[in-house]
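S.K.: One structure is given below, represented as structure tokens, and several questions about it will come after.
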Amino acid sequence: MRFLKSALPFVASALSLLSVQAAARSQEPSAIQHVSILEHAVINTPSHEVDHLTDFDVTFELPDKHQTIKLELEPNHDILADDAYVQYLDAEGNVHREEPIQRHEHKVFKGRSLLRRDNGLWRPVGWARVYVQRDGSKPLFEGVFSIDNDNHHVELKSTYLQKKRVEDASIPDRKDEYMVVYRDSDMIRQVRSELKRSLISSSSCQAEKLGFNSDPQHPIFRSEFQDMDLGMSSYGSMSLNSLFGLSKRQSDIGGVSGNAGGVNLAQTIGSTSGCPKTKQVALVGIAADCSFRASFDNDDAAKQWIINMVNSASDVYEKSFNISIGLRNLTMTDKTCPETAPASTQWNMPCDQSNITQRLNLFSQWRGQQSDDNAYWTLMSNCPTGSEVGLAWLGQLCNTEVTGDGSNSVSGTNVVVRVSGGGWQVFAHESGHTFGAVHDCDSMTCAQNLEASSQCCPYNRGTCDANGKYIMNPSTGADITAFSPCTIGNICSALGRNSVKSSCLSDNRNVVTYTGSQCGNGIVEAGEDCDCGGESSCGDNPCCDAKTCKFKSGAVCDDANDSCCSQCQFSPAGTVCRASLGECDLQETCTGNSSTCPADSFKKDGEKCGDTSGLTCASGQCTSRDYQCRTVMGSLIHDNNTYACPQFDSSCELICTSPSLGSCFSINQNFLDGTPCGSGGYCHNGRCDGSNFGSWVEQHKNLVIGVACGVGGLLVLSILWCMINRCRRARTVVKRPPMRPWPGPMPPPPPQMGQWAGPNRGYQGLRAEPPPPYPGPYQSATRYA
């Protein structure tokens with residue numbers, strides 16, 4: 001007990017935030033200190049007009065910065081799926097109108113930004129994503145571009161004023177519409193440690209309790225430990241939630257969002273192993289609640305803002321993971337919030353009726369009822385909870401179902417609140433959690449040494465604090481334009497291990513997107529042979545014509561897009577296009593007559609593997625319940641003797657123990673799909689499916705034989721004992737006592753003398769005569785006349 005008491009603080013720090021299904025929150029951006037007016041914008045086409053397929057340049061000035069900027073742009077069709085549609089819900093949550101989203105109505109572009117030097121030449125300085133609202137001689141557009149890693153956010157006057165907070169910079173009051181620009185560096189950088197302490201004190205998140213983990217005598221720890229009533233033996237399961245009062249949800253404000261599944265994140269920094277080698281697309285659904293819709297003048301404005309947000313965020317995913325984000329479904333509610341949330345859309349309610357956590361749970365329940373195969377769903381809202389503006393379930397990419405324990409509903413969902421400054425960054429951040437990313441380490445988590453247990457992503461192997469430079473920083477800040485090398489390794493390794501599913505990602509061929517087939521979007525859609533992403537992206541591609549999206553003469557495939565293509569020809573049969581990652585993962589080879597690598601295939605779940613008894617295949621990995629406990633929990637507490645608690649073998653939640661711990665700990669993470677459970681069942685998304693008694697007998701044959709032999713032996717011994725005892729009784733002569741003579745008829749009853757007053761006492765206290773003796777048991781039967 002002394003060891004357990006001293007070890008519990010460390011165990012808590014290592015395990016309390018280990019849930020792949022934990023929720024992580026985002027903090028509201030800092031105040032905007034300065035805003036510039038964008039002037040003299042010119043679309044450089046003959047008519048100064050563009051359509052959704054135009055490649056063009058736009059130049060403009062930022063007078064107060066003495067800068068002239070050019071954006072070289074081309075259509076970006078990635079974000080809108082061919083079968084994309086928008087449905088409009090009424091106040092009761094019923095669909096009253098549904099229509100496809102027409103690609104030609106949305107002028108969405110991507111490209112690069114350039115800064116004019118004093119000598120008149122242009123210097124490339126970053127990337128750009130733009131949504132053109134109006135072309136002509138006085139164009140209007142919104143989006144983001146970067147200059148030397150400093151994001152510049154372009155918004156219309158009306159958009160800025162809709163989101164403006166009291167602490168944000170004011171802008172001129174003009175009647176006409178115009179464009180403003182503010183930079184990440186224009187947002188006041190507050191001292192993060194002080195900010196977080198002030199926010200934590202008013203937050204419902206329990207992450208602030210992590211402080212007691214370094215001190216076993218901390219009052220919170222001491223009272224929890226001394227007062228808790230386990231109500232079970234030392235082999236019972238102690239949930240860390242009940243043990244320490246910790247929630248399954250971890251706040252971005254607190255600095256911790258979960259765990260990387262037992263992988264040492266320092267070992268995977270910068271590694272793209274596990275991410276797709278050829279471009280893939282994550283098609284998502286987005287729903288907008290009444291508060292979000294009410295923040296716009298009309299449906300079109302809200303729709304355009306969402307498309308622009310996805311357009312901006314997709315850039316960092318393409319660069320980091322070779323995965324673009326596309327919008328397939330858009331659900332819009334009425335701008336008037338219902339007094340009571342309708343049963344069909346319980347997440348659609350006024351801000352004062354729920355917090356962001358409740359909205360995530362309700363939205364997850366709704367998502368589980370949708371019949372689609374989207375990578376995930378995002379709920380757009382205008383209802384922050386205090387300073388919290390984002391919330392996501394960790395590692396739930398491709399999870400279309402909903403599971404939970406009564407208080408939490410888990411699915412592939414997140415919530416994003418419309419904010420002043422960096423709205424697309426919040427969407428990119430929460431989507432990162434959905435892809436399985438934990439937070440970058442900051443001063444608070446480094447002080448707790450959480451990088452050692454991979455509960456945060458260190459800057460590099462020698463430096464812990466990432467200094468707020470990247471997308472997965474717990475709070476928004478200046479110069480955040482990319483994912484950290486550690487996050488890239490975090491997500492890619494999770495995809496490669498199948499601890500985060502990737503089955504919903506679309507191969508870049510015949511993809512159906514919201515915008516319809518468009519040459520130059522980098523997605524090979526119906527009617528196209530290839531699509532290398534437009535002339536600026538294709539470069540000297542020898543296989544694909546960038547203008548027509550058709551193969552060049554003699555080409556039958558595109559090396560840049562097809563796994564079984566070499567020098568524009570099909571790779572020879574037998575060429576390995578997807579190598580095996582282990583005994584349970586089968587390698588795939590090219591057929592010789594196709595450019596597509598066959599679908600990823602694994603050995604059957606439950607098939608024996610490895611040299612150690614008890615190992616079986618699960619989701620393409622050779623593993624076991626004990627092995628997963630060792631790799632997940634054991635790696636954190638540095639105990640190689642960790643194993644799965646046998647009394648919970650029907651559970652698909654990791655419940656582990658070790659001789660040093662003595663008790664079972666529930667760490668709120670599921671076994672891999674395909675892991676054996678119960679009586680012949682297999683885990684699937686946290687549930688044990690297919691368990692039955694017959695399978696249990698087969699699975700535990702040795703135990704059944706042993707028990708049967710033991711019970712059978714007891715039965716044989718019992719029968720022999722009865723036979724021996726019977727024989728002994730048969731040899732014993734029973735001697736009856738001599739028969740008494742017949743005593744004659746019973747005497748007449750005495751005269752009635754009143755009530756009987758008590759034992760052996762008659763009326764008036766006289767002693768009564770006792771009744772005559774009853775004939776003994778061995779007397780002959782007596783006849784009566």
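First residue shown is number 1, and so on along the chain.
Any Cβ shown, glycine's included, is placed from N, Cα and C.
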S.K.: From the list CYS446, CYS456, CYS457, which cysteine is recorded by Swiss-Prot as disulfide-linked to CYS464?
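M.R.: Its disulfide partner, as Swiss-Prot records it, is CYS446.
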S.K.: Which cysteine out of CYS577, CYS584, CYS609, CYS617 is the one Swiss-Prot pairs with CYS597 in a disulfide?
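M.R.: Of the candidates CYS577, CYS584, CYS609, CYS617, the one Swiss-Prot pairs with CYS597 is CYS577.
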S.K.: Here are some binding-site residues: HIS429, HIS433, HIS439. Which one has the most Cβ atoms within 10 Å of its Cβ?
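M.R.: In terms of Cβ crowding, the pick is HIS429.
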S.K.: Kindly assign ASN640 (N-linked glycosylation site) to one of the three DSSP-derived states: helix, strand or coil.
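M.R.: Once the DSSP labels are grouped into three classes, ASN640 (N-linked glycosylation site) ends up as coil.
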S.K.: Compile a sequence-ordered list of residues in the same chain as CYS398 (disulfide bond), six or more apart from it, whose Cβ lies below 8 A from its Cβ; state 'none' when nothing qualifies.
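M.R.: In sequence order, ALA375, TYR376, GLY412, VAL500, LYS501, SER502, SER503, CYS504, LEU505 meet the Cβ cut-off.
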S.K.: Looking only at the domain 'Disintegrin' (516-605), what is the model's average confidence as pLDDT?
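M.R.: Here the predicted model's pLDDT, averaged over the domain 'Disintegrin' (516-605), is 87.
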S.K.: How many other Cβ atoms are found within 10 Å of the Cβ atom of ASN322 (N-linked glycosylation site), counting all protein chains shown?
M.R.: 16
S.K.: I'd like to know which of the glycosylation sites ASN329, ASN561, ASN593, ASN640 has the most other Cβ atoms within 10 Å of its Cβ.
M.R.: ASN561
S.K.: Between the Cα atoms of ASN561 (N-linked glycosylation site) and ASN322 (N-linked glycosylation site), what distance do you get, rounded to the nearest Å?
M.R.: 11
